[in-house]
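Shown next, in structure tokens, is the structure this report addresses.
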Amino acid sequence: MEKANSTSGLIRTKSDQLVETIAAALGAMRSSSPVSSGEAAATSGGGLESSGGLSRKSSRRLTAASPGRSGGGGVGKNTHIRKSRSAQMKFDVDDLNSGAALSRASSASLGFSFSFTGFTVPPDEISDMKSYSDEEIPEDLEAGRQKKKLQTEPTLPIYLKFTDVTYKVVLKGITSTVERDILNGITGCVDPGEVLALMGPSGSGKTTLLSLLGGRVRDPTHGGSITYNDQPYSKSLKSRIGFVTQDDVLFPHLTVKETLTYAARLRLPRRLTKEEKDQRATDVIYELGLESCQDTMIGGSFVRGVSGGERKRAGKTVITTIHQPSSRLFLKFDKLILLGKGSLLYFGRASEAMVYFASIGCSPLIAMNPAEFMLDLANGNVTDISVPSELEDKVQLMGNSRAETKNGKPTPAVVQEYLVEAYETKVAENEKKKLRTPLAVDEEIKSKICSSKREWGASWCEQYSILFWRGLKERRHDYFSWLRITQVLATATILGLLWWQSGSNNPNELQDQAGLLFFIAVFWGFFPVFTAIFTFPQERAMLSKERAADMYRLSAYFMARTTSDLPLDLILPVLFLLVVYFMAGLRMNVGSFFLTIVTVFLCIIAAQGLGLAIGATLMDLKRATTLASVTVMTFMLAGGFFVKNVPVFISWLRFLSFNYHTYKLLLKVQYQHISHSINGVKIDNGYKEIGVLVAMVIGYRFLAYLSLRRMKLH
């Protein structure tokens with residue numbers, strides 16, 4: 001096992017540190033993994049200073065650690081997005097065995113990373129692989145204590161190969177369409193137990209390459225070959241992929257422990273009991289040094305961050321994008337890919353990179369961080385760098401027209417062209433020949449990797465239960481916010497004062513009170529629609545992230561998301577009616593009171609369904625709000641209170657209005673014993689209105705579900 005202890009000072013907010021650490025831990029939770037750990041880095045002062053000490057020790061078994069990744073985005077009140085210039089992606093391809101937790105770096109240090117782990121195999125089949133030991137228990141030097149050692153299982157990591165990977169984007173203009181090359185023939189590989197760093201300036205294609213390797217871009221516009229143990233990408237890999245983007249999506253009102261526990265229950269294998277999964281989550285908390293803040297909400301600025309960093313590898317294949325690491329951290333990388341404007345400038349051992357560039361005539365003239373030196377080259381900046389004779393000759397031949405700048409140095413375009421040609425000439429073909437050699441991997445393992453069968457970490461009922469309670473805990477803070485409670489109670493009080501004791505047994509004196517009932521129907525139709533509209537657009541990032549990793553079935557999420565709101569939706573209307581009902585002097589009958597509550601509740605969940613359907617279909621808050629405004633206004637006007645004699649050709653609108661059916665039911669509940677017609681509305685038995693509202697509850701939600709199924713995950 002390999003450890004990396006960051007000794008740099010952490011100049012970040014404590015909340016950001018915690019969020020990044022939790023996001024990293026979640027990124028590594030595989031459907032089968034115990035706890036996984038990764039790489040940590042830190043910023044110091046104004047610059048970036050990453051450090052770590054990776055030490056290899058042989059062991060008879062491969063060990064790892066495994067947290068999961070919970071979901072999940074959007075922006076807004078229901079999900080929380082933490083932005084940092086670092087991000088990472090972690091792969092675990094194993095037969096429900098182990099993982100490694102990646103403790104992400106701050107600022108621009110670490111980008112994405114992912115790791116691959118395979119399936120348990122006999123020791124003789126992995127005797128040629130490098131293994132790591134966890135015999136030494138890592139210590140948290142700042143806390144002055146020992147960390148708990150995690151027990152894990154040996155796995156066979158996956159060999160990743162990629163050859164001549166290309167990617168293009170189509171830029172559509174008003175009059176023309178242009179194709180832009182993002183990646184140009186990138187070739188490389190990474191083996192079990194190795195870390196491959198992707199380096200390059202902004203816009204060089206690092207994130208695109210990493211997304212392609214991680215299966216996050218399933219686009220026909222990319223070319224080349226990407227294989228996992230000589231097998232192409234398949235759906236079986238999808239359920240074992242965790243992806244932490246630069247915008248970390250976490251639920252802000254869940255605690256550290258809740259976040260990891262829910263992820264463990266969803267992603268760890270079904271053969272583990274609930275108690276065993278919870279114990280794995282607890283182990284991760286202690287492994288990452290988060291026990292002091294495990295019961296603290298993730299989203300608060302007061303949350304204590306994780307001090308220091310520790311990184312472990314156990315037969316994992318890790319790929320990470322990194323902008324400018326420290327010299328110490330750079331030397332810990334096994335392999336390096338240097339990109340420049342989508343082209344490959346170097347691929348090979350990180351320790352041999354400086355030797356290679358010296359061999360083509362590019363060497364630093366002053367003491368330099370290797371990463372800084374290579375980034376300067378990738379940018380075409382040869383200040384304080386020796387210029388090879390071939391490049392000098394080229395500059396002289398081309399004169400002062402294009403190739404030479406004022407200081408006598410070649411332009412960045414010329415430097416990059418030279419570096420690409422040098423790599424193609426000296427290295428590229430040999431690397432491609434190595435990658436053509438087939439791997440000696442067992443056919444059974446290949447068949448498991450190629451399998452299209454999904455392996456869920458929990459049954460449908462378990463997924464529903466986990467997501468239900470997670471949603472209930474997350475959204476209870478929104479429902480019981482003082483702002484919302486004050487809004488409802490203040491409205492109820494004003495209504496009660498305006499319609500103070502307006503009840504009567506005379507049909508001619510009930511016109512005013514009928515207006516109150518119509519307002520109740522409108523208020524509890526309008527309010528839920530505009531609350532529900534935000535549901536799926538705000539959680540889109542979380543849903544996409546978790547669904548891309550096959551954490552749960554969409555149907556389980558949808559049912560849990562819509563039903564977890566119901567208990568909370570009932571509380572505020574009850575408080576509202578407790579105030580209005582008795583102040584306004586409505587029918588003083590226990591049955592009538594509870595029937596009024598049921599009627600209002602039917603209106604709420606029908607209106608919610610409309611909001612969910614609009615939000616899920618459009619997935620754009622501006623358009624959804626506009627459409628909802630027009631729809632709700634139309635339903636209100638057709639609700640049977642403002643217009644009594646609606647023209648025949650448009651009278652069908654009132655039957656689509658949940659305001660209309662709710663209004664009729666409220667009139668029936670309150671005045672059936674007095675008259676058969678109130679305010680021009682005929683009062684019947686009410687079964688038709690109940691049936692229509694129930695149909696709306698189901699129909700609108702079914703439309704929302706179909707819209708979510710059509711949503712693109714990437």
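Including glycine, each Cβ sits where the backbone N, Cα and C put it.
Copied over from TrEMBL:
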- 29-86: region 'Disordered' (REGION)
- 160-404: domain 'ABC transporter' (DOMAIN)
- 482-502: transmembrane segment (TRANSMEM)
- 514-536: transmembrane segment (TRANSMEM)
- 566-584: transmembrane segment (TRANSMEM)
- 590-612: transmembrane segment (TRANSMEM)
- 624-643: transmembrane segment (TRANSMEM)
- 690-708: transmembrane segment (TRANSMEM)
Closest-packing stretch to the transmembrane segment (590-612), where packing means Cβ pairs under 8 Å, from 514-536, 624-643, 690-708: 514-536
Residues of the parent chain within Cβ reach of the transmembrane segment (690-708), under 8 Å, 6 or more residues beyond its termini: 536, 543, 554-555, 558, 562, 602-603, 605-606, 609-610, 612-613, 615-617, 655, 658, 661-662, 665
Close approaches to the transmembrane segment (624-643) from elsewhere in its chain (Cβ under 8 angstroms; 6 or more beyond its ends): 514-515, 518, 521-522, 525-526, 529-530, 533, 537, 610-611, 614-615, 618, 653-654, 656-660, 663-664, 679-681
Arithmetic mean of per-residue pLDDT over the domain 'ABC transporter' (160-404): 82
